[in-house]
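S.K.: Below, the features straight out of Swiss-Prot:
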type: BINDING; residues: GLY173, ASP174, ARG175, GLN176, THR177, GLY178, LYS179, THR180; note: ATP binding site
type: SITE; residues: SER366; note: site 'Required for activity'
Amino acid sequence: MVSNIGIRPAEISSIIRKKIEEYDQEVKIVNIGTVLQVGDGIARIYGLDQVMAGELLEFEDNTVGIALNLESDNVGAVLMGEGLTIQEGSSVKATGKIAQIPVGDSYLGRVVNALARPIDGKGDIDTSESRLIESPAPGIISRRSVYEPMQTGLIAIDSMIPIGRGQRELIIGDRQTGKTAVAVDTILNQKGQDVICVYVAIGQKASSVAQVVNTFEDRSALSYTIVVAETANSSATLQYLAPYTGASLAEYFMYKGRHTLVVYDDLSKQAQAYRQMSLLLRRPPGREAYPGDVFYLHSRLLERAAKLSSQLGEGSMTALPIVETQAGDVSAYIPTNVISITDGQIFLSADLFNAGIRPAINVGISVSRVGSAAQIKAMKQVAGKLKLELAQFAELEAFAQFASDLDKATQNQLARGQRLRELLKQAQSSPLSVEEQVATIYTGINGYLDKLETQQVRKFLTEFRIYLSSNKLEFIEILKSTKTFTDKAETKLKEALHEFTEEFLTSA
């Protein structure tokens, strides 16, 4: 006998209605393509009709690529990894995103790669914000002219080729002339100045990068520094991206009203990586086989350095790009490009380096196009005469090689010049404060070094700076508070010089 089953139509209809409501009818349109060819860090993909230039692509093995060439029948993409397991015929998915990186205060003191992932073994970095790797540079209205000094701690630069906050100053020279040393010294000198530093190593040896990081650690500079490193064994794509990552990390702080300093070491390697990518993508080569848009590669990076207007918080990004020359040839393609983009250049000479003049800065052909506006008054008061005397000395020195008998005035001028040249020499990783620099230059241009033998000059100056900081604090205080070389400060400095010179000459 069949039992009566109570069918409740209301309950059934409510269940059906609930199921209908839960049914997700959303249709996702995913842009998918197929790999035609892969190799040398480049993939050619069929399909992907809706892809954007610069869009991130995801391959089956989770390798990420960037679509760079959008051609009529295929897309050329560069891979941000080895991509060894990508096969012909495998599928590729367009992500709809442009390359971006996480940013934040927690990056300070860390070493990261071009994708802002930590490579220093200190664990993950927690951040909540992100920025596009390629951000537009601030416009004309968003900027103001450079007016604050960015002290490097090197006498030759701070006195004669001064750099301001928001400036772009190129460091150019042959290999092994101390370009990285100048940049690293500048970062060390920012200690206590409330400046965030970003050091970008592009295509360097891993041992060189480790050495720089150790220097920062030893000198307590890592706490305000971020290191972005893509070494020589990294793929061309990552070497090409590294400078933009460094700029994005610095921009985060700049738009928060902070001062930042970015060192790109070096842009020649980035240009070579970009040339490799472009040639493999079959883009037409131009001068020195670089692609036609290699100027834009560097201009869009360096234009992001700026001094922001008061409405945007007066933050700044100072850029120190480094470019390597071959046998001092500044007229090659990349050097001329970067010289024309930047606001001046510091030229390092192999001849001066080999002659023992270090930092090997050729003051004659180095310039700073906006720096004088950023010099403090005290430095301006003493630096003008220094530059003039060194220029006259360089001219006389060339002439003196041919002349046998020189008059007394010329001999004195040559002797003074040699002592001034000694005064500009500085040991690596020993930046000087502005007060010490002003005192040092004043000593040289006012003849206090003329009585000494040339080889005694550096010992005299080192000991004098120690004497000044322990016995004549009033002089340092006047310069710190007024930023001007007042009559009172000059009197104090003269007193110190007379006292110390007597002491030094009697003990020598």
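Using the three backbone atoms N, Cα and C, a Cβ is placed for every residue, glycine included.
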S.K.: Pop the Cα-Cα gap between SER366 (site 'Required for activity') and THR177 (ATP binding site) into the table, whole Å please.
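M.R.: Between the Cα atoms of THR177 (ATP binding site) and SER366 (site 'Required for activity'), the distance comes to 15 Å.
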S.K.: Inside 10 Å of the Cβ of GLN176 (ATP binding site), count up the other Cβ atoms and send me the figure.
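M.R.: Total other Cβ atoms inside 10 Å, all chains included: 12.
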S.K.: Quick check: in three-state DSSP terms, what is GLY178 (ATP binding site)?
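M.R.: For GLY178 (ATP binding site) - judged by DSSP and reduced to three states - the answer is coil.
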S.K.: Under 8 Å Cβ-Cβ from ASP174 (ATP binding site), six or more apart in the same chain: what's there?
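M.R.: Expected: GLU324, THR325, GLN326, ALA327, GLY328, LEU348, ALA350.
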S.K.: Within 10 Å of the Cβ of THR177 (ATP binding site), how many other Cβ atoms can be counted across all chains shown?
M.R.: 27
S.K.: Please work out the number of neighbouring Cβ atoms within 10 Å of the Cβ of GLY173 (ATP binding site), leaving out its own Cβ.
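M.R.: That number is 27.
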S.K.: What is the number of other Cβ atoms found within 10 Å of the Cβ of SER366 (site 'Required for activity')?
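M.R.: Excluding its own Cβ, the number within 10 Å is 21.
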S.K.: Please report the three-state DSSP label of GLY173 (ATP binding site).
M.R.: strand
S.K.: Quick check for the class: what is the C-alpha distance, in angstrom and rounded, between SER366 (site 'Required for activity') and GLY173 (ATP binding site)?
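M.R.: SER366 (site 'Required for activity') and GLY173 (ATP binding site) have their Cα atoms 11 Å apart.
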S.K.: Are there any residues in the same chain, six or more apart in sequence, whose C-beta is under 8 angstroms from the C-beta of GLY178 (ATP binding site), and if so which?
M.R.: LEU348, PHE353, ARG358, PRO359, ALA360, GLN428
S.K.: Compile a sequence-ordered list of residues in the same chain as THR180 (ATP binding site), six or more apart from it, whose Cβ lies below 8 A from its Cβ; state 'none' when nothing qualifies.
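M.R.: Residues satisfying the criterion: SER208, VAL212, ASP265, ILE322.
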S.K.: Including all protein chains displayed, how many Cβ atoms other than that of LYS179 (ATP binding site) lie within 10 Å of its Cβ?
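M.R.: Looking across every protein chain shown, the total is 26.
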S.K.: Excluding near sequence neighbours, so keeping only residues 6 or more apart in the same chain, what lies with its CB under 8 A of ARG175 (ATP binding site)?
M.R.: GLU324
S.K.: Around the ATP site recorded as GLY173, ASP174, ARG175, GLN176, THR177, GLY178, LYS179, THR180, what other same-chain residues have a C-beta within 8 angstroms of the site's C-beta center?
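M.R.: Other same-chain residues with Cβ inside the cutoff are GLU324, LEU348, ALA350, PHE353, ALA360.
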